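Chemist: For reference, the structure I am asking about is given below.
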Amino acid sequence: MSFTVAIVGRPNVGKSTLFNRLVGKKLALVDDTPGVTRDRRPGEAKLIDLRFRIVDTAGLEEADEETLEGRMRAQTELAIDEADLTLFVVDAKMGLTHVDKTLAEMLRKRGRPVVLVANKSEARGSDSGFYDAYTLGLGDPCPISAEHGQGMMDLRDAIVEAIGHDQAFPPRDDEAETNVSIPRSAVGEDGEEIDEEPAYDETRPLRVAIVGRPNAGKSTLINRFLGEDRLLTGPEAGITRDSISVDWTWRGRTVKMFDTAGMRRKARVTEKLEKLSVADTLRAIRFAETVVIIFDATIPFEKQDLQIVDLVIREGRAAVIAFNKWDMIEDRQAVLADLREKTDRLLPQARGIRAVPIAGQTGDGLDRLMQAIVDTDKVWNKRIATAKLNRWLETQQVQHPPPAVSGRRIKLKYMTQVKARPPAFMISCTRSDSLPESYVRYLINGLRADFAMPGVPIRIHFRTSENPYETKKKR
């Protein structure tokens, strides 16, 4: 991306709608409630022939530094300072307010490039607000409708004029963009038999979502990883509303980490905005590969904690538990032993899941947590040679034969791995519909133990093998 643009303005002027328009996706939550956006949300924008990095920000308000609104304002001001250009959005339909004028004065004092955007200019009665925008002293306002996509060519021209043609259209390095080696494993050749077990790619970027109940310490943990106050934190529950992604590097490996809104029990989620936030969290889980579920070590294993883990496993993601606020625990050795016993007992569907005690406030245990994420990702990507699987299947049947149905024993004939991420296997057998669930669990637990696959979802699909003599009998 050649340059960075920050979208700023007071609450509810249409900043997130414009952000979604420019990135071409509904990444930012949009609602009539003021103050929906709280953290900085980055994205890759496309506007006609322009390509640039865009940052959505919280609505700017006059507030004390100690308040939530004051902390949101500090994040927005940081986005302005880091950007090459600011899109200052005002509501042409409603007209200017005292806050608009205060923000315009702040932007003028900074002396950075600014494009004044008069949004909602398609609305009846917007002319007065549009002409009032000239009084802000930030040049000609650019009339647009972010919701309907009107005025985008004018906005493109205003950006090029403000940023300069050379920065807007830097020379392209075609070789850097096209000469990319894509490993075969990235293409996805699921369903093929595996003769050799491919090595784990230590350089592949990791996608990690951080989830949990409200106020479990998710944003604090990510800030500690980054070494900066990138995300809003505080004692107020439910600060995070959007799923925000941040990029950083751990031991030379790129990590894209998603902060998410706290997930409460479904019965308690009644407001439309909170429902949108939870839906956004679910999208983050599905986009991620490894999901870290934050438990509050002082009150662990709430019903909602267990339901979140179950959701992650059902979605097929690799899961890791982080027992946060470990610095508040006194008899740590005894408590850790108790927590691990309860983890295995209460989460049989994720037997062996890695659980790491951490302290997000102090940073204790973060290296151990990252190592657990990498180790779990290795298992989630694991592929096992077909020959090994069939030898294993034969041994399992000797040790514990499948049950008999109507006096005839079910035979498991052949096994192969059909995909990874998560590991999934196909077994060809007789009477697959009669195989009891208890025997399926026996096979899954055996795979976990014998092939070192703790804590990740394992899928087994059964296919009834055809009897070649069946058609002859019917003739």
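Note: Cβ is positioned from N, Cα and C throughout, glycine not excepted.
Annotations for this protein, taken from Swiss-Prot, read as follows:
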DOMAIN    3-167  domain 'EngA-type G 1'
BINDING   9-16, 56-60, 119-122  GTP 1 binding site
REGION    168-199  region 'Disordered'
COMPBIAS  189-199  compositional bias 'Acidic residues'
BINDING   212-219, 259-263, 324-327  GTP 2 binding site
DOMAIN    382-466  domain 'KH-like'
Chemist: Taking the binding-site residues one at a time (Asn12, Thr260), which has its Cβ surrounded by the most other Cβ atoms within 10 Å?
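Modeler: It comes out as Thr260.
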Chemist: Pick the one among the binding-site residues Thr57, Ser121, Asn215 whose Cβ has the fewest other Cβ atoms within 10 Å in this structure.
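Modeler: With the binding-site residues Thr57, Ser121, Asn215, fewest surrounding Cβ atoms within 10 Å: Asn215.
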Chemist: Under DSSP, the domain 'KH-like' (382-466) has how many residues in helix, strand and coil?
Modeler: 31 helix, 24 strand, 30 coil
Chemist: In DSSP terms, helix, strand or coil for Trp326 (GTP 2 binding site)?
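Modeler: The three-state answer is helix.
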Chemist: Quick one: pull the CA-CA distance for Gly212 (GTP 2 binding site) versus Thr57 (GTP 1 binding site), whole Å only.
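Modeler: Spelling it out, the Cα of Gly212 (GTP 2 binding site) and the Cα of Thr57 (GTP 1 binding site) are 24 Å apart.
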Chemist: Around the C-beta of Trp326 (GTP 2 binding site), how many further C-beta atoms are within 10 angstroms, looking at every protein chain?
Modeler: 21
Chemist: When you rank Gly9, Asn12, Thr57, Ser121 by Cα distance to Asn215 (GTP 2 binding site), which of the binding-site residues ends up on top as the closest?
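Modeler: With Cα distances computed to Asn215 (GTP 2 binding site), the winner among Gly9, Asn12, Thr57, Ser121 is Thr57.
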Chemist: In whole Å, note down how far the CA of Thr260 (GTP 2 binding site) lies from the CA of Gly9 (GTP 1 binding site).
Modeler: 24
Chemist: Calculate the distance in Å between the alpha carbons (Cα) of Trp326 (GTP 2 binding site) and Ser121 (GTP 1 binding site), and round it to a whole number.
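Modeler: Answer for this pair: 53 Å between alpha carbons.
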Chemist: Can you name the binding-site residues among Lys218, Thr260, Met263 whose CA is within 10 A of the CA of Leu60 (GTP 1 binding site)?
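Modeler: Within 10 Å Cα-Cα: none.
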Chemist: State the Cα to Cα distance, in Å, between Met263 (GTP 2 binding site) and Thr57 (GTP 1 binding site), rounded to an integer.
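Modeler: About 23 Å separate the Cα atoms of these two residues.
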